[in-house]
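Peer 1: A single structure is presented below for examination.
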């Protein structure tokens, strides 16, 4: 409330009366001046502020306030002087500088001070529009001299703000003032593409004036005719825009004048028409706009006039709209806007949309209205009446366009709704998503019977916005979706419609349209709605102004709660019901399953919000909020009588959602409980669909009866609907379909029931009519009722509507044509590749590699993107030159590229086995290639026994198709097995039907034989067959690319509870440089283990999720504040973030001090929790004696465990075991495991202490195996290695490769091949396991093997470097990444390529082949940079790049050049390169530990019995020899007696119970991994005896092993069985031998164990060792903590000592000072002499200095005596 002058005077008098001091009275003058300023007494305000300034002259606020008072009095000079003084006192007042500049420019522009202050303000406000206007004023006053500067100023401002209307108009005016009309026209032409300018009334007025002036000028006459036509085109477009804007903002008289001017422009352009050029097309379109605006002006005149004849005006307006609607759309493109859209096309859509809707609105409820209008006014009389109504001038009609136009050829053409919907989409683009336009369109559709296409409108505006969100409970702006915006538009249209109805009910003529034309109608939405819509558009299109983003987000966030009916939404229940009904109706009309699910799901959401409100309405009304987003209208309030009906609608919607989700039984139950025609209709649909599903196959009598029952129920429900409709006509309105559709469907059902009564359509004469049923699926009978897609909804993803079956034949035909084209292209590529040169890019010599069976075929389009899911997250993968498509396609073996059968339920786990086979063999999860013709194909001769099974299996939904004659997998021995004993995996599977192809070879090297056939067209056809799918009766559309199986994310935090989590910045103190270093930004968590109660602190970096803090919380830890900050805490802990325990000093910085204090409280609370838990921290174990014993015991058990594991895994022995004979699916054992060692690597090891039953048929490690064998032996090596897991439950039998890449490719040539699990790679990790190892606190998740494409390649060079790419556009080098650059050579085809990936992200930044024509060149100015040109595939596509790589050292750069040249040479010679990392040969240790060798030598010390001669070859082949380059280890032949003698091994076991020794194989009770324990048969063969006697000293050469392996492969089945039985005697012939103690040795422990017992012993020992290792680690961590504390104590002691020394020295100095003062002031004599020793001692004077000091003392004694004398 403003105070009056009298109030202020009374208050001032009272205050001054209480203030005796004059200075204090003056000090209150500022406050008094503000009070008088509020009372508008400016003179009194100046008086008091001046008194204040007299005592406080340096107060800038007072001077500014005085300047404001002078400015109000328009005393500019004094105001500027006060402001200037204020700025001098406080220079930070930027706005005051701008104020001074504006005042000076306003007062006198020529004043030199104005220029100074404008330049000063420009430095403070760069790019400000206000500064531009001031500069413009300064330059305007210079006249013609300043035009050039003004032009430069405007151009620079346009560059910054091209949408500024004032700047554009100013430029055009400058052109016009300087008579440069041509430049002005050119600028107008260019600026027409700017949407912001086209929507400005001032700009369009300027354009019209400029173009008219140009056309009338002499310059136009001198120019060519095309320029004149282009200017006329721009003029007509500008008139159309100006007319639209004038209709919306100006009065009727101005509209008439502008329309008349538009008329004259059209008339002048009419005479120059000819041809099909831009002017003709624009003229025709502008003619339509002219008549549309004429009709809108007529209705506007009726709105603003008095005593208006609405009938006459509406008839003339309808005539105008008819002419506008019948103007054809332009056929040529005029120009494109910013979005690349045709301008004329958008304007035509807008014209047709507005005209069409207005025609429907004017003719609504009036029969033959348009026909009467055409008959009455489509003539000269009507034309004259129209002219008189629009134009008030007395100009002759013949000279005007409207008076001379021919309007007599108008047809009575009413717009079609489908055409209008299409025009609306284009009109929305023209208006750029204006909420006013969208609301107007919604109001037009609100009166039409069809639903508006709001979804299509919004998709045009927001292309990338999701349709629905899964987070309806949140209000985050990021969660906004299309459905939210659709609901918002529905609400705006709904409330606008109700508001218009209320206004029109009082005074409304039948000829007056409910909603006026778009240009003349008032604002249809509220300001709140408009601001929210604009904020959403700004956020989605990311056009927010900096600094305004937070405000927009808050605005959007607030209204999302209302749109989703969350919390206190304040929505009227009637609006919620309207939303729910609209969404349910729209969803039911969609053909998309997901569209139905989203729409009906949102409808259910709103119904659930309405139901509680309906219960409240029964008791009382719902209060209306004060300022709602959507206004409440009492005319639509829900009455109590309507509540039951709405509740029924809600439950029907719930049931429909159940049906859509596939819960058919729940939906049927819900529908049956509701007695309504809508529920009857839905029940009829459900039962009819069930009957159709049964009809799809040949019917048995039971299925035929079931189908008849469903059809009977359908008929009954349809009859109920018809009966209810006849009795009550209002019921028919509730039906989602017309009543005629119900009757048509009833007739169809009745016809089907009659067919069943005649004997059934599918079962006649006791025979199945397969052909008829198939024909029925592809071509439905014309008499049968087929439900329209718009009349129904899908019930589940697996149940598509019947109309999709009509497309099967078309899709099949297209698939066949595509396959034929693919084959032709493959043959063409094959022929071209044969004739091409060796170095053709990129298909050179990259045929399919030899890969294991089971790969589903390869794509032969090299270089094309492959849309298959690999192991990585990327879906689209481009094939690089060194990647073969077979490897990429491997993980997507069960992807259906085109269509898949929805009935296929077969998985590898269902039948209990998963076996890798060739592409010709049987397949799992993929239907057999071919279409319906495949079903009628004649079965092959070899598969006669399986054909019937195939048909039955297909009917039951198992897509199992066993292979043809080329199948290479058989289970001959297993199928013939009759023994029920022995080792079995799992129980018998009742679903298992046996195996096919018995008697054939168990495993064969298919791809080894295919090496010479890789480029034949037949193989391409086989590969393509893998993608062919079989049409099923029930079609299911799946995505082309199937995502990989979801890998469960294991973080190590699963069993822990989050007690605290907060975002912080973590620092680590670096002791070397003595400073804090940032470690990461992320959430710091305190986790509590639910099992043992331990607490730990964990933090991961954002995005990369790298652990940057991970340590236990102990009671000894304490937080200390970081000096200089109240938001940071520091502490010390033994951290495991890098994997090893390391004492770290950490600090966490929080956003606010409150968060830091909260963290401290939580930390201390956690420490108090630890006091209640039994202490398990390491400091309890600090007992030197006990610790020493624990360490000793752990080391002993660790050593023994290693020796025992080494013997069991037996890396130097080959394993060959006989297949077990099992029953059912219990198949165990391995077939001929044959491995050919490479020249540089040892053979792989088979580890039998880990068993693996997994679903995967073949691991990706097959293609990445480090075993490099010959082409003939490579496939068996990779295929036939088995791993069996410990779990034997169920019948999930899996053949899986045990090979895994244990080291990087760069290390393969300097270490032996390590195969198996990570913890048991004995050969290469012996030294690593001897060292101490600290496990992290958080266990890592299981390793997910990643395929990089570099598995079958050796690394010949690898070093860190920085790579650059030359950008031709900007003409400079650009950095592409930093990482390891590698030169890789393929083992198979010897091709060499360069690969480089970025650090951390591993993104490819170089990937190309090395070709002979490539050469490295030094970059000018440096010798460490190499430059070359190559066709690179780093971005997935072939692209010629200029690359440069820079190394840190010159030696590395030279080495890269050397290896590069060697690679080209080796590639030409087809030879392998010696890798750079293995040039220096390093001595290799024995792959077996010394203790393990001692154990074996001790075991084999006694001479064994003689081995039978027939077994020599097998015994030799069982010995695995490591083909290292240095020395080969001793080959040991197993003795029949097995004695544990080594003390290290003996300590492992504690039980001396003797049991038979067997390892899992029923026939190998007397054998262990190839070592025979059975009684050997006597033989006189001396040769074999010598071999056996040599024992461990005998050596077997690798070539002999290879020969024996190959001979094993080539043997027949009979010989194979003989050999296996020879080396592994059967159970009947085996004799159990005990392990006897040697006579010469002291009595030792005898061991006879089974394999299970040994495995159990090994497990318990491993657990014990792990426990002891854990204790060791705790001791080590405690010791580290104690050592750190000792260091801290020592440093503290040293600090104290230094302080003591300083204090002592300070005391000594003080004492010396006192002594010297006494010496100086004492009188000469004996007292002074007594101080001399003290001074000499403290100052450590030399003898000479002592003498001088004594002489000084003596002189001082003699001087007084001399003076007295």
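Any Cβ shown, glycine's included, is placed from N, Cα and C.
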Peer 1: For the annotation region 'Disordered' in Swiss-Prot, which listed range does it cover: 1306-1330, 1331-1355, 1356-1380, 1381-1405?
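Peer 2: Going through 1306-1330, 1331-1355, 1356-1380, 1381-1405 one by one, Swiss-Prot flags 1306-1330 as region 'Disordered'.
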Peer 1: Pick from 19, 1177, 1411, 1474: which does Swiss-Prot describe as phosphothreonine?
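Peer 2: Record lookup in Swiss-Prot returns phosphothreonine for 19.
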Peer 1: Among 21, 395, 796, can you tell me which residue Swiss-Prot lists with the annotation phosphoserine?
Peer 2: 21
Peer 1: Can you say which of 1538-1579, 1580-1621, 1622-1663 is given as region 'Disordered' in Swiss-Prot?
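Peer 2: So the range that Swiss-Prot calls region 'Disordered' is 1580-1621.
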Peer 1: What same-chain residues, at least 6 away in sequence, bring their CB to under 8 Å of the CB of residue 19 (phosphothreonine)?
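Peer 2: Set apart from residue 19 (phosphothreonine) by at least 6 residues yet with Cβ under 8 Å, we have 25, 28.
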Peer 1: Excluding the flanking five residues on each side, which residues at least 6 beyond the ends of the repeat 'TPR 3' (648-681) place their CB within less than 8 Å of a CB in that stretch?
Peer 2: 580-581, 584, 588, 593, 596-597, 600-601, 603-604, 607-608, 610-611, 690, 717-718, 720-721, 724-725, 731-732, 734-737, 742, 793-799
Peer 1: State the three-class DSSP label for residue 19 (phosphothreonine), counting H, G and I as helix, E and B as strand, and everything else as coil.
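Peer 2: Assignment for residue 19 (phosphothreonine) reads coil.
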Peer 1: What counts of helix, strand and coil residues does DSSP assign across the domain 'RanBD1 2' (1333-1469)?
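Peer 2: Residue counts for the domain 'RanBD1 2' (1333-1469) by secondary structure: 20 helix, 60 strand, 57 coil.
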Peer 1: Find the average pLDDT over the domain 'RanBD1 2' (1333-1469) in the predicted model and report it.
Peer 2: 87
